[in-house]
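Features reported for this protein in Swiss-Prot:
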- 311: active site, nucleophile (ACT_SITE)
- 881: active site, proton acceptor (ACT_SITE)
- 461, 464, 799, 802: Zn(2+) binding site (BINDING)
- 953-963: compositional bias 'Acidic residues' (COMPBIAS)
- 142-226: domain 'Ubiquitin-like 1' (DOMAIN)
- 27-216: region 'Necessary for interaction with SART3' (REGION)
- 219-277: region 'Disordered' (REGION)
- 459-463: region 'Necessary for interaction with RB1 and RBL2' (REGION)
- 634-701: region 'Disordered' (REGION)
- 930-963: region 'Disordered' (REGION)
- 133-141: motif 'Nuclear export signal' (MOTIF)
- 767-772: motif 'Nuclear localization signal' (MOTIF)
């Protein structure tokens with residue numbers, strides 16, 4: 001076995017590439033096992049074998065050797081090997097089938113102590129089956145009926161059965177196999193549901209992240225401990241159970257759902273975790289299942305329990321719930337006569353029915369908060385992307401739900417085939433009316449009545465000037481935000497002067513700039529020439545990437561740790577220098593063998609050495625000088641019996657080059673040649689003078705060095721070969737990577753951990769950032785949306801005149817607008833390297849949004865809108881939290897919805913940088929009439945004025961339990 005845990009007998013690069021390439025095309029099969037590999041390691045392996053056709057320049061080079069498989073970057077806790085939250089496929093990890101994993105493991109091994117991260121393939125979807133690897137397992141809270149305070153956490157796959165959970169609970173709570181048990185699903189504060197179908201899967205049962213399950217062993221006399229309580233609660237509804245509004249907080253809030261199910265990476269079965277964590281007092285001492293008397297709640301002011309990262313869904317639902325025309329339609333049961341169960345594009349009416357049931361609960365006035373379990377289960381069945389417990393996008397859920405409701409409620413039973421016609425110079429009004437009528441012939445529902453409008457799209461060929469005008473329906477407006485022209489980066493500068501600590505800077509660089517722009521900006525603040533800077537990405541004590549000056553800054557993600565090193569291209573005498581990456585490693589004995597392993601630590605270095613002086617001795621001196629700031633002098637009883645040769649650390653030259661034999665066996669033959677006090681270095685090992693010198697030194701301890709050198713791969717996990725120690729020049733270049741290996745005792749005595757990690761803050765970090773006027777008006781976004789643009793070279797238009805694809809100019813205009821205008825602010829942007837969120841404040845009116853000036857139909861009616869709801873997103877892309885503001889249709893007051901919590905809000909709180917999706921209601925005198933089938937620009941239909949919406953709402957703040 002090679003150093004670092006890999007096998008020497010591995011196939012050549014071409015064979016590895018061929019075998020893995022075929023396996024990576026394996027299709028997902030339900031129940032199959034797949035493995036997670038850190039994408040950084042996998043990318044290094046791909047470079048090493050030339051996996052990608054565009055990256056085959058350095059195939060097989062030693063410095064690219066990836067070493068043993070290292071998944072440490074995926075763990076939030078290296079000890080328990082728990083996965084980090086919000087890992088993203090291809091960006092953070094890659095998935096490989098079991099056979100591919102086994103091959104890589106045989107060829108390279110795995111970092112010692114790490115267990116494979118294996119997961120199962122599960123199936124989603126009701127009609128169209130969709131397989132995906134279940135990366136995050138579901139965390140369930142388990143307890144016994146007799147001791148509800150003893151709560152244990154355990155992870156399960158959605159493919160596990162209820163019988164599997166029961167078996168695990170029997171084992172955890174020491175319940176004999178012959179004793180009868182019942183399993184209960186407990187949620188909110190006092191609602192139970194028996195899980196009687198043991199062959200149901202976790203997914204079938206609708207269990208969610210943080211769900212509490214109670215196991216109830218039967219009494220010896222054959223009765224059940226909860227029998228009396230069960231009879232009291234037997235009238236509870238079987239779906240979407242609720243609790244009393246008097247319960248202001250959940251008695252088991254301490255075991256509520258964490259942001260994401262991490263699973264247990266040490267579990268190789270992929271079924272459920274063998275490790276169980278114990279919670280504190282998971283339940284209150286009172287374990288009463290009887291529901292409290294119902295109290296009147298203002299209809300519509302109903303919170304939604306978080307089922308584990310479902311705040312995105314709750315936010316979207318609260319906005320739709322407070323869309324009066326749609327909610328009235330469901331509350332009046334008008335949907336029942338229009339359900340289309342035969343629509344092949346629909347969901348057999350099940351989404352419409354699930355939504356109707358939820359809306360009725362939310363507007364019943366009985367429930368302060370409900371858990372939308374069954375609704376989420378139904379959504380997950382038809383849209384697998386929403387079936388898990390990872391953070392999703394509220395706008396994407398809205399898009400799915402509006403489309404799903406439309407198809408479930410489509411009044412058109414058989415859609416006719418219609419041929420699309422081009423305008424061909426006909427008047428816009430004629431073409432628009434034709435397009436809308438054709439749309440209504442195939443799509444006729446309450447969603448079309450309420451949410452659909454019409455775009456005008458104009459394309460002009462740059463070659464023949466052909467003009468193509470089409471009119472297309474839309475359900476919501478996605479508006480771009482003016483892009484930021486620059487970005488702020490926080491980086492560390494490591495000066496060449498070893499006496500100076502690294503300094504953290506905050507610099508402003510062009511958003512789409514190059515690495516050279518970063519160096520120029522840093523040069524202005526530091527005074528160091530930009531040409532003497534090397535920009536690196538440091539990850540896990542190694543250089544993940546060393547950037548070239550012409551590389552784009554979009555390759556650098558906001559979370560990357562960027563270190564800029566000052567280096568010297570020439571020495572003081574003008575000779576050329578070579579700059580070498582150097583890693584710190586500690587040699588540790590492996591408990592299972594007599595060999596040693598190396599563990600990376602500390603901050604890597606870039607060390608410059610004159611090419612004509614690149615010997616082992618000069619390299620040692622250069623490194624010692626570089627680290628002199630954090631080399632400490634040990635106490636007399638700490639340094640051991642042998643003196644230490646500190647080299648340049650204390651200004652002295654080498655006194656002896658003798659190293660510990662176990663550490664530097666490969667440098668044994670060069671010891672005398674590196675010593676100045678023991679001879680000239682020209683003596684032959686067998687000469688009389690050499691032998692006399694050795695005898696002279698034999699009786700006294702020989703100084704040890706701080707560390708030894710190894711030529712390693714760019715990951716620092718595998719040794720390539722030893723360095724020449726005969727005094728000759730070392731054959732190293734800037735692509736070589738060195739490791740300085742310390743034994744544990746020397747590191748403990750001489751290496752000052754605290755000083756090595758200490759850095760200074762530049763004044764740019766201490767000064768508050770200048771806040772530019774970043775707010776933009778909503779009209780600016782609309783104008784940007786309607787601005788003419790040229791299509792990109794990868795997105796051309798096929799010109800029917802030229803008979804070829806052209807980069808035409810394209811312009812969108814608004815022709816007619818719907819009764820409910822949904823505006824999606826496009827805050828999220830991403831490319832192959834990084835993701836970003838625009839936190840720009842968009843100033844949008846709460847009242848009187850006049851869209852008439854943006855509508856190009858000259859005969860259009862006035863379009864004036866009032867805001868009725870906002871979906872908010874706090875945090876970064878892929879993470880964070882969703883909430884909603886919404887205006888209650890009965891009392892006209894604004895409320896803030898944060899999962900289960902509902903509180904009164906003021907209008908001046910609504911416009912924030914978190915606003916993501918806006919809901920506007922058109923001013924119309926008869927808005928709540930049954931939606932007509934007319935063209936959306938017509939004047940029929942209207943809105944009941946909010947002043948006439950009478951209600952007896954309570955103005956107090958509702959503080960409810962958040963799951």
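Placed from the backbone N, Cα and C atoms, the Cβ positions cover glycine too.
Nearest Cα neighbour of residue 311 (active site, nucleophile) among the listed recorded positions (461, 799, 802, 881): 881.
Outside the region 'Necessary for interaction with RB1 and RBL2' (459-463), and at least 6 residues removed from its termini, the chain residues within Cβ reach (under 8 Å) are 469, 797, 799, 801-802, 806-810. The Zn(2+) site is set by 461, 464, 799, 802; from the centre of their CB atoms, other residues of the chain with a CB within 8 Å are 462, 463, 465, 466, 800, 801, 804, 806, 808. A strand conformation is recorded for residue 881 (active site, proton acceptor) in the three-state DSSP classification.
Just so you know, of the recorded positions 311, 461, 802, the Cβ with the fewest other Cβ atoms around it within 10 Å is the one at 802.
In this structure, the CA atom of residue 461 (Zn(2+) binding site) is 44 Å away from the CA atom of residue 881 (active site, proton acceptor). The binding-site residues listed here are 464, 799; among them, 799 has the most other Cβ atoms within 10 Å of its own Cβ. Mapped onto DSSP classes, the domain 'Ubiquitin-like 1' (142-226) shows 15 helix, 32 strand, 38 coil. Distance noted between the C-alpha atoms of residue 464 (Zn(2+) binding site) and residue 881 (active site, proton acceptor) is 50 Å. Here the region 'Necessary for interaction with RB1 and RBL2' (459-463) has, by DSSP, the following mix of helix, strand and coil residues: 0 helix, 2 strand, 3 coil. Residue 881 (active site, proton acceptor): 18 other CB atoms within 10 A of its CB, across all protein chains. Reduced to three states, the DSSP call for the residue listed as 'active site, nucleophile' is helix. Secondary structure by DSSP for the motif 'Nuclear export signal' (133-141): 0 helix, 5 strand, 4 coil.
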